[in-house]
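**Q** One structure, pasted below without further comment.
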């Protein structure tokens, strides 16, 4: 605000006032070169260098704006997936997007080679400036009306004064529409079509999956089918749904009645914060029946967090899955405990006889106290974190007791998970094809069956975004009619 009010605005006003005064004095001069003609000969070359530097700064501002806009479009699911690199550890808005940078480079070369003269580019730039002024006035009017609650007469005066002036500028630019202004409007129209189609189909697909999520009873029935075979290994099933089982899961069982011994449905979400601590990254919930070893997981990342390679990601996920299995049995009491407890590793169940009478291995009648097995590692199961959020007042630490059979059962479940990981990990991705319903109108069929399909096939694939090795990838094809 300070630099604009006391630096930019006075400089621009003085420049335009000076050019207007020069033209009034030299009315026979051409208007196109008024800026450089009005400069004294001794200051021509310094001003020329300064103008080039200003052009570089303006170009960099446009590039940065394109990066920021693309980042927002990705957040709103309005554009195909692109790779976004965050270059600052402190500021979320400092971005670099290789695909956008390459596109701007190619587009600049094509425009320069095709139109050759700066006159065409200047006319194309004019409509951008005029439209920005008009859009800014419209948005400012809305803010004054809905946010600032300014008196309606002040809003009317503001709108009439600025909009009448800017409409004159816009009409003058549109008068020369075929001489250059059509080009940025054509590019904007193409981008708008891409954004509208991608967002429309993405929302429709997400709603379709929400409406067709598999109920717990259906999941239980699927997992208890007599012809279903459980093969060794860990299956990581990626889905966009945070809650519920996606419809592609029963589709997989119907086509190939075989699933892995341990299944984890994973939803990767990016949060608008720089970092998510690894101890707070995973939220788990078990799918009934418990004996089926099926879990749902939300993996949360900040915008500065990078997705680990496949091996590191699985190792971390399995470690905290074992913590969750322990937490689910250890702290799931009749009255929920509103606190979070430290977790224990697999070998934490191996205890030695203690001289005190508080615990031991003398028989099933003696309870193992949870506080005797605690390690500094914090658990982050969905159960315990949900209980933390239920109340700001944490009660005193409550002792959780378990008999020997329960302890051995938890240890066995954790060992089963680790054994299946050692048997092999398979990453399962849904290859979703979206088509319009047969009775849809022609516009919808073109948008869904052709435009979206073309964008989906030529955008960054999910396995590349998630760093999944191709040798462990299993794609399941399914078609949604929207």
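Glycine residues also receive a Cβ, built from the backbone N, Cα and C atoms like all the rest.
Okay, these came from TrEMBL:
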DOMAIN    1-218  domain 'K+ potassium transporter integral membrane'
TRANSMEM  6-23  transmembrane segment
TRANSMEM  43-70  transmembrane segment
TRANSMEM  95-115  transmembrane segment
TRANSMEM  127-146  transmembrane segment
TRANSMEM  152-175  transmembrane segment
TRANSMEM  182-201  transmembrane segment
DOMAIN    232-313  domain 'K+ potassium transporter C-terminal'
DOMAIN    402-482  domain 'K+ potassium transporter C-terminal'
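What's the neighbourhood like for each of these?
**A** Below 8 angstroms of C-beta separation, residues 123, 126-127, 130-131, 133-134, 137-138, 140-141, 144-145, 181 of the same chain, each at least six residues beyond the ends of the transmembrane segment (152-175), sit close to that stretch.
Nonlocal intrachain contacts for the transmembrane segment (182-201), taken as residues 6+ away from its ends with a CB within less than 8 angstroms of a stretch CB, comprise 73, 76-80, 107, 111, 124-125, 127-128, 434, 447-448, 451-452, 455, 482.
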**Q** Please report, as numbers and ranges, the same-chain residues at least 6 past the borders of the transmembrane segment (6-23) whose CB is under 8 Å from any CB of it.
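**A** Same-chain contacts beyond the ends: 29, 31, 34-35, 37-38.
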